[in-house]
């Protein structure tokens, strides 16, 4: 009986300690929320053209803006983001994650200021390039920071915060744009980076960066903030130091590092999910949201329909943050891409029937329902998860550069879709365009099944082993292998 009481007491103490450790995770959630406001800033830059486009057509600026100029104003943002990615890759390990996030508010503010006081289309394009530059840079740094501060149990949840903030920023511009003119909208967007700087001061730098600079005490203080008084800080710090020491021992020239099996596979996966994110049709569905609402027979105002689309996107992305560490990355990606393929197939079929003068009055609900389901499933899977994956799948030696390459590719694909989507619709009709997105989604289904690994609950080292880390080395002899195995345990 006494032994049972002792065992029960020990279990109660263990449960209490686990509860304390669990409660301490709030600092990781808080830091990730503040850092990913950078995604909100990127979202405002992305979403600005939706409400601002009609305002520019209505000559709210003092100069005339042509349709072609509007296309370039929209495309300059992802073009600037492409330029920001490689610059960030070269600086993030020198200046630090936190410092870079704060410094990027300078080009953001200058960009918004140029759009507020624009005297020509060139000023607006320059401002869009600058806000795009900052957005592209933030898309590299923020996922890197959140992956470095998070425990493996919640790394997926924190990793989806970036896309949640992006969708929140887009919705924000839709709502503000329905109440203010173009100058009020732009001024409000410019206030957010100022608030971001004030909040970033409250959270510490990534412990990984401090260790890279050899400052163990600062790394310990940073990790203590994220893990709390009951976390196993010294043990985790020791593991991080061992991992960095291993990285240093194995450090090779950058191009040689990219020749390893794990690096090649990681880069292939990273580029693949970024391509599928953009070419699955997400921008097309959002671009044609108002048109689809009208074709479905809705009498809703265009501003109202875009706000509804934004709300659905934010809610679904938030749900993704709750379930990604429970269901896993792969099942969400797979469910997302399959249903997105069905949705674009149905939307394309509706427009094909309409173009060929079939009576579609009784099936107007099909494109509307398909659009809503598409947006929800995209926001659950292929919206947030690619941004999270790039913080997990790359070896430490190339992480900064590889994340930059993946992000640069994403923004390049976004530029292609934004600039040439309307031209593609004119050339091959809207239904063939949506069916082209269906084809990409079908290919994406096989890509997810055969190529993308499940990283749920895995440490960074375990993920690299899954991707083939160590397979490039000469196999050890039988005797040495047994010594190594004993050494591990």
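Heads up, the Cβ atoms here are built off N, Cα and C, so glycines get one too.
Please treat TrEMBL annotations as automatic predictions, because they have not gone through curation.
Taken from TrEMBL, the feature domain 'Major facilitator superfamily (MFS) profile' applies to 31-456. Across the domain 'Major facilitator superfamily (MFS) profile' (31-456), the model assigns an average pLDDT of 87.
Per TrEMBL, region 'Disordered' is recorded for 468-489.
Feature annotation from TrEMBL assigns transmembrane segment to 29-50 (among others).
The transmembrane segment annotation in TrEMBL covers 70-92 (among others). Outside the transmembrane segment (70-92) by six or more residues, the chain places 42, 45-46, 48-49, 53, 56-57, 100, 121, 124-125, 128-137, 139-141, 144, 400-401, 403-405, 407-408, 411-412, 414-415, 418-419, 422 with a CB less than 8 A from a CB of the stretch.
According to TrEMBL, the feature transmembrane segment maps to 99-117 (among others). Sequence-remote contacts of a segment are chain residues at least 6 beyond its ends whose Cβ falls under 8 Å from one of its Cβ atoms, and for the transmembrane segment (99-117) they are 35, 38, 41, 45, 88, 91-92, 123-124, 126-134, 137-138, 141-142, 145, 183, 186-187, 189-190, 193-194, 196-197, 200-201, 205.
For the transmembrane segment (129-146), the residues of the chain that approach it from at least six positions outside its boundaries are 32, 35-36, 38-39, 41-42, 45-46, 76-85, 87-89, 92, 97-98, 100-101, 104-105, 107-108, 110-112, 114, 155, 158-159, 161-162, 206, 387-388, 390-391, 399-400, 403-404, 407-408, 410-411, judged by C-beta separation under 8 angstroms. Residues or ranges marked as transmembrane segment in TrEMBL: 129-146 (among others).
According to TrEMBL, the feature transmembrane segment maps to 158-176 (among others).
Remote same-chain partners of the transmembrane segment (182-203), defined as residues 6 or more beyond its termini with a Cβ less than 8 Å from a stretch Cβ, comprise 30-31, 34-35, 37-38, 40-41, 44-45, 48, 51-52, 55-56, 60-61, 98, 101-102, 105, 108-109, 112-113, 115-116, 173, 176, 225. Here TrEMBL flags 182-203 (among others) as transmembrane segment.
Taken from TrEMBL, the feature transmembrane segment covers 267-293 (among others). Taking Cβ pairs closer than 8 Å, the transmembrane segment (267-293) reaches residues 258, 300, 302, 305-306, 309, 333, 337, 340-341, 343-344, 347, 367-368, 371, 374-375, 378, 382-383, 385-386, 389-390, 393-394, 402-403, 405-407, 409-410, 413-414, 416-418, 421, 430, 433-434, 437-438, 440-441, 443-444, 447, 451-453 in its own chain, all 6 or more past its ends.
Positions annotated as transmembrane segment by TrEMBL: 305-324 (among others).
If you look up TrEMBL, you'll see 331-353 (among others) marked as transmembrane segment. Residues of the same chain lying 6 or more positions beyond the ends of the transmembrane segment (331-353) and with a Cβ under 8 Å from any Cβ of it are 273, 276, 280-281, 285, 292, 295, 320, 323-324, 360, 363, 366-367, 370-371, 373-374, 377-378, 380-382, 385, 429-435, 437-438, 441-442, 444-445, 448-449, 452.
TrEMBL lists 365-390 (among others) with the feature transmembrane segment. Sequence-distant contacts of the transmembrane segment (365-390) (same chain, six or more residues past either end, CB-CB distance under 8 Å): 139, 143, 147, 155-156, 159-160, 162-164, 167, 269-270, 273-274, 276-277, 280-282, 285-286, 289, 292-293, 295-296, 298, 309, 312-317, 319-321, 323-324, 329, 332-337, 339-340, 342-344, 346-347, 349-351, 402-403, 406-407, 410, 444, 452, 455.
Annotation comment: TrEMBL describes 402-422 (among others) as transmembrane segment.
Long-range contacts of the transmembrane segment (434-452) within the same chain: residues 268-269, 272-273, 276, 279-281, 284, 329-330, 333-334, 337-338, 340-341, 344-345, 347-348, 351, 382, 389, 424, 428, each at least 6 residues beyond the stretch ends and with a Cβ under 8 Å from a Cβ of the stretch. Marked as transmembrane segment by TrEMBL: 434-452 (among others).
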